[in-house]
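Shown next, in structure tokens, is the structure this report addresses.
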Ligand SMILES: CCCCCCCC(=O)SCCNC(=O)CCNC(=O)[C@H](O)C(C)(C)COP(=O)(O)OP(=O)(O)OC[C@H]1O[C@@H](n2cnc3c(N)ncnc32)[C@H](O)[C@@H]1OP(=O)(O)O
Ligand SMILES: Cc1cc2nc3c(=O)[nH]c(=O)nc-3n(C[C@H](O)[C@H](O)[C@H](O)COP(=O)(O)OP(=O)(O)OC[C@H]3O[C@@H](n4cnc5c(N)ncnc54)[C@H](O)[C@@H]3O)c2cc1C
């Protein structure tokens, strides 16, 4: 295990747990990294970035003022970029995004919250790659990759985030000067939220309504310089600043931006998918109408990986802590048990481990699907884009929502100490809960998937072919049902029946409402609670199926005990969600009350089987202490020593008597105030 060099002696509770583990931890690490080669690559980058201790803060971040926190985050962002640039030159053979995932993970050692550069690598760069012509890329990419300029992605406005077509910022083409004039006509049209916009970036991608020859052509993307490259002063016609304190992301200087008839050259429109010619003629290629939304699809795919990683962090912390913590006395005259021995604690934690695996594998699978669709699109074929949009939308929505709840569950499982910032859990939570909203709110994205599912259902009814992830609809509309048998395959089948049953009920509701005189839009609107449920059920079936198949494929040549523990986790995931959805199972499958009782028994057996391997399983995530930032979750398990050391860092503990005693407490106690 690659761990912090400054660890204390390992707590005996964890020594015993590690001795109990019956599988090869490193083998599971390789599975999670996608192969031994990737593990070595990741460890090498982590070692280059972290071994010298450059991530260390002179004063803990939480005790700095907001301004100091930001300044420290910028300092460390620059340092991180410098180290990483050197590291990457050693690894030029590897594709850009495998590096991106490793770098995101490593960056967490530098930032308890978020780097102000996140959007530069996370959205500015990918949008240039996805939306610029080859000539534009030749101009912009070297400057972006070399961090000669720093950028962000400014789409959301004060008045509109979800409804992109409703954005108000305008970009009006002036053929006289061959420029676009950017303008913010109202307060609600101010760009709002973009990460790094407040103080850090000097360029940004702006999404605006394109007008040329008096006609509005909808939203398009523009690269806009907003600050002078030498002085960093906002350029004339630009109003820019930071939006203020937030629940998290407080080192990300999310910003606002407004334009007063601000001019940019024609060439700054990102012209891969549509163009404005010198004379103002608008040229739109004959392809899919939503290609300008491409970066959002990419980032949704990335976010599934991102939250899987954050859940791995949270359950590493909570599981190690639960092995160290002892509480209560269920049997008289016996020592207090480790809280990890309580079945309810296992119920809280093991689903987190299984979900981190399920989402990690689903994200790798989605990443492959994304690349396949992109390579089809390069050949001019956009047929599989709707399915990718439906998949990335629901996987982003469900993964961020599940992980938000499970991280909170990890915090509950750490009792009071989990509430301390130094447990690491509050920062992980405040980061992940934002992912449920940004890059497309949960409800909105599930409704996008529901649109796709309703259409697929109609295709299945009409006997026309459907895409791979909804093949189960064909069996459903033909009336074929699989009797409940309680096997893992049977549970997945029943999840598909639940999804199909829910979609069918939605279609019926919409049709009934329309036949009673409502418009399609109104009938759809009244059915949206069911539609969200249907999309969620579909996504659960997709994750379950992918998880089971991918584990079987990847562990085909693994050692026996690794196969066993990996299968136990898959089964745990399936049983957990089956028990969570017994209402749906009773409605749409042939399950009986007795079968439900058997499911419960099997679930409880799985908890007992997984228990001895719990610490080994979280060790397999191979998270360095520097990345975890947790007094509760460090590899050595010295929870109490670390909590006390953290308490001593509090500014209030730097003097025996605080001045408020003399100013207020004493006069109050002496009745003199
Ligand atoms: C590491 C990075 C950190 C990131 C930090 C956070 C950064 C950000 O948050 S950036 C801002 C992100 N903002 C969002 O995600 C906004 C969410 N909103 C949207 O995506 C859209 O407005 C949306 C999809 C809800 C509706 O779009 P709209 O243009 O009104 O389309 P709509 O009328 O609903 O659908 C029309 C068709 O387009 C399709 N469509 C919509 N979006 C897409 C897409 N991305 N790709 C392909 N097809 C799409 C629909 O499926 C529909 O197809 P059909 O007609 O066949 O059913
Ligand atoms: C930390 C953070 C970082 C961000 N970074 C960026 C960034 O870098 N760049 C950027 O451009 N943006 C960024 N955003 C903005 C983010 O993308 C938006 O907040 C997000 O897309 C949601 O839009 P909204 O805030 O307008 O919510 P709204 O659309 O106002 O949603 C509010 C509520 O209304 C519901 N709702 C809205 N429309 C419908 C509907 N049609 N049907 C049913 N319910 C509906 C939603 O489900 C939600 O519950 C960031 C946001 C956060 C929190």
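Using the three backbone atoms N, Cα and C, a Cβ is placed for every residue, glycine included.
Around residue 439 (active site, proton acceptor), taking its Cβ as the centre, 22 other Cβ atoms fall within 10 Å, counting all chains. Per TrEMBL, the feature active site, proton acceptor maps to 439.
Sequence annotations record features per position, and here TrEMBL assigns FAD binding site to 156, 195. Counting only residues at least six positions away in the same chain, the Cβ atoms of 191, 192, 193, 194 sit under 8 Å from the Cβ of residue 156 (FAD binding site).
Feature annotation from TrEMBL assigns domain 'Acyl-coenzyme A oxidase N-terminal' to 24-150. Under DSSP, residues within the domain 'Acyl-coenzyme A oxidase N-terminal' (24-150) fall into helix, strand and coil as 89 helix, 0 strand, 38 coil.
Here TrEMBL flags 293-454 as domain 'Acyl-CoA oxidase C-alpha1'. Note on the domain 'Acyl-CoA oxidase C-alpha1' (293-454): its mean pLDDT in the predicted model is 96.
According to TrEMBL, the feature domain 'Acyl-CoA oxidase C-terminal' maps to 488-670.
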Next item on the list: For residue 195 (FAD binding site), list the number of other Cβ atoms lying within 10 Å of its Cβ atom.
Entry: 26
Notebook entry, point to check: Where residue 439 (active site, proton acceptor) and residue 195 (FAD binding site) are concerned, what is their Cα separation in Å, rounded?
Noted result: 12
